[in-house]
Structures are given as structure tokens and as C-alpha cells.
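Worksheet for the structure shown next.
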């Protein structure tokens, strides 16, 4: 969304409101904030700890009680010519690295374990030894970037990719796990994995017979292959995953669904070409359907994907609308998790930055009632996004649509109340929305009515207070609104305040208009 002009729905803003560059910056900043929150929702690295009761895909193979060896004894055994001692040393190393707390990864690396493990990976005559070595390296690669780099620099990646074709499913699965940890370390490590043809290796592994635990690991690896920017992954490779990821959205497994959605959220967090590739994979109706799930671990990445898609072209946004996205977004605006409400409001704000037909679809879906509730009592981060949705509508909507915001959906009061926030960016968004409303009222001959409404709702007092704001843009915008619409000049004000003769008696404020029955409207 920060890559090119076409990446922002906000680019459709009119020149008299928020400028295009500012809105692109806003989309970029919001996406950065959302991307940071992913760390709470998805693990990029996973350690295979030594616990029989866990639902991890790989279990102890021999059921033997562990033999306690020192690190020096482990290394000596691994370097032995005796195959049984090699296996005992390798297994002991793996178990030490599989401790739930404080595994001695650096200690093992310092004792030269990694190159020995790499050598064992290539021992095709002993799949048990290969498996133990792969497991140990998986856990080393689950550590810090330096620890992962050690595994990469000893040329483990091509050996793991080769093991994807192993006849031992346990060994192939452990190789997938190791590659997932390596790819999850960052863009550079990810690209090393991709350039060793990992996609050629994993696609044949997915079929109707693939065990669920194995499938989960494969999809998690796929999500890490799609993740990270600066640079983004090579799209000529990643796009090969899209038909499979789209098909995986039909899975019944929560973990498979979640990781498939995360993968698509990473792909769509880019330019319109990549968004279109996801649209072409028929993923959108499936993503939209997943928005009605009860499981937040699925809703969050599915919503992120849909939110990214509506930052694309009008046609791409139309696919979301045609797939029934708006009613589901309306429900998510009422969700009990504030981060889901925030992202639903962010998604709606991008749709209202589109064309008038799309804004009408938002109106007809009843979403502005939900936005009003968010503005009134939602979490502040969600309120910010709701404010953008309103301001975008005042920018791009028809006069009838904008009037509906005020008269039908009663948005004005909670919208104005956000002028009290401490966040200058949000204040400016509300000020821009108000400026747009006044510009329309002027065209419709309703400026006086709108002024009275804003004043009755406390808006004038808030704007006057903002004239003392430390942010220059904020106080200049506040001054401009007051000066243009609320200031009639001193002479006129004095004339209004002077007593006038009415029916032979002096009255003050004799010329002040009386409020019409039913209140003020445009």
C-alpha cells in the first residue's frame, strides 16, 4: 500500500480535503501498526519441544528413557565411528535442545554441533539419525537470527529441501518444520529457502491423504514464504502457492485456515497486481465467508486480507462487496474484541474512500449505525478508523449520502466529540469532515442550520479551544472554520446585540431566528 500510487483507496480523495500523499502515508502507517500486531496472532518460529503429551506433529520414535550426557560427551559420541554411539549422542543433543525452558542453543553451537548435524542429514542409510539431526537443527533455527544464520551458513537449506522427498513422512515433516523456522527469520532467509526450490518440494506433498499435522506444518511454512517485506518475496514463485492457499480456505481445521489466511494477508499487503492475483484465485468469497467464524485466530487474518484487498482498485473492492462482505463487516463492528472492531472500521474506511456506488452499498448495509456506536463508545483506535470512514464519505459521497449521515444516522454529535481527543491526526480528520459538511451546506443553502447544529452539539466551543492547540495545522483549520462560518464581523454582531423596538417595546436578540419545529436539518 505504500509502494505505488495505485495502492491507496485514499488516492481518490478530492483536492479540497485530505491530499493524496497524506492519505497514502496514513494507509502506510495504519498498515505498519496492524502488521506489528500480527506478532500476537501468529508464531513465525516454532520449537519442537520434548513432550509426549503435546499435539506437536513429531513424537519420540523409540520410547526409550533419555540418557544423561554432558555436552562434551555428546560431541564425542556424535564424532564416534560407532553408529549406535552416534545415534545416542545425536538423540541426547536433540533432547537437550528440546527442553521447554532455556535450551542451550549457543552452547551447542559453540561445541560444533551444527556441521555434525548437517552431515547426519545426508546419511540416507539411517533415517532415524537423519530425523534426530533434523529435529535438533529445527530447534536451533527456532532461536535468534544469529542462531538461525548459523544453520543457514552451514548449508542446511538444500539438504532440508532434498528431505522433502524422503519416503519417511516423519522426516519430510521435520524438514518442513525446519524450513518454516528458517523462512520465518526474515526476508533474506526466506529468499534463500525459496531460491532452493522449496515450492517445488512442498506442492506435491499436499493432497487428500496428507495427515493433518503434516498439512498444518506445510501451510505454516507457506505463510512464512509469503511473509516479510523489504524486499517482498519473489512473486513469480509465491503466486504458485495462491491456488493451493485458496483451496485450503475450504478446510475445516482452525490452524490450517488461520495460516492460509495469514499467507493471503501478506500477499495482499502489497500492490494491486498481487491483490488481483489473489482475487483471480477465487479466494475472496471464501475469505469473506470466514469473517463469520467464531474463532478470532481465523477472523483476524481473514479480515486483514479483506481489508488489504479493498485498498486496491474499485473493481477489486467490488468483488468484496459482491461476495457479501459488507453485512459481515457490520457484524464485526459489534465484536467484543476491540482489535477486530478497529480493523473492520479500517476496512470500511477504505471502502468509503471509493466511488459513490460503493458508499451507497455501505449505507444500504446499515453500517453507519454501527459506525455511530463505535464513535460514541468504541475503543479510541476503532474511533479513529470510524472517523476516517465518515470523512471519506463527506469527501466522495453524493449530497444525499452526506445529508443522510447527519439526518438519518445522527453521526454529527459523536463525530464532533472526537475534537476533544489528544491525537492531532484524528482532530484534523474530523476538521476536514466538518469543512466538507459546511461546503455542502453552503451549496444547499443550509449553512445557518448546520452552524446552529454544530454549536448546539458543543462543536463551536471545541473549535474555539482548538485555536490554542500546539499543532499549527489544527489551530489553523479551527480558525478557518470559525472565521468562514461562525464569524459575521464585529459590526454585525453589535447590531444583533443592540435592543430593537418591537411592537412599541425594546427587545434584545429580536432578529435571532427561532429554531424550526423538529430541529435543524440541511
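In case you wondered, yes, glycine gets a Cβ from its N, Cα and C as well.
As recorded in Swiss-Prot:
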| type | residues | note |
| --- | --- | --- |
| COMPBIAS | 1-22 | compositional bias 'Polar residues' |
| DOMAIN | 1-56 | domain 'IBB' |
| MOD_RES | 12 | phosphoserine |
| MOD_RES | 17 | phosphoserine |
| MOD_RES | 56 | phosphoserine |
| MOD_RES | 65 | phosphoserine |
| REGION | 1-28 | region 'Disordered' |
| REPEAT | 64-105 | repeat 'ARM 1' |
| REPEAT | 106-148 | repeat 'ARM 2' |
| REPEAT | 149-190 | repeat 'ARM 3' |
| REPEAT | 191-233 | repeat 'ARM 4' |
| REPEAT | 234-275 | repeat 'ARM 5' |
| REPEAT | 276-317 | repeat 'ARM 6' |
| REPEAT | 318-359 | repeat 'ARM 7' |
| REPEAT | 360-400 | repeat 'ARM 8' |
| REPEAT | 401-447 | repeat 'ARM 9' |
| REPEAT | 448-489 | repeat 'ARM 10' |
Long-range Cβ neighbours of the repeat 'ARM 1' (64-105) (under 8 Å; 6 or more residues past either end): 47-51, 111-113, 116-117, 120, 126, 128-129, 132-133, 135-136, 139-140, 143, 147
Considering every residue in the domain 'IBB' (1-56), what is the mean pLDDT value? 47
Tertiary contacts of the repeat 'ARM 8' (360-400), as residues 6+ beyond its ends and Cβ separation under 8 Å: 10, 12-14, 17-18, 26, 30, 321, 326-327, 329-330, 333-334, 338-339, 341-343, 345-346, 348-349, 351-354, 408-411, 414-415, 417-418, 421, 423, 425-426, 429-430, 432-433, 436-437, 440, 443-444
Secondary structure split (DSSP) over the repeat 'ARM 10' (448-489) reads 31 helix, 0 strand, 11 coil
Are there residues at least 6 beyond the ends of the repeat 'ARM 3' (149-190) whose Cβ is under 8 Å from a Cβ of it, and what are they? 44-46, 48, 57-58, 61, 109, 114-115, 117-118, 121-122, 127, 130-131, 134-135, 137-138, 140-142, 196-198, 201-202, 205, 211, 213-214, 217-218, 220-221, 224-225, 227-233
Let's see if you can do this one: DSSP helix, strand and coil counts over the repeat 'ARM 4' (191-233), in that order. 28 helix, 0 strand, 15 coil
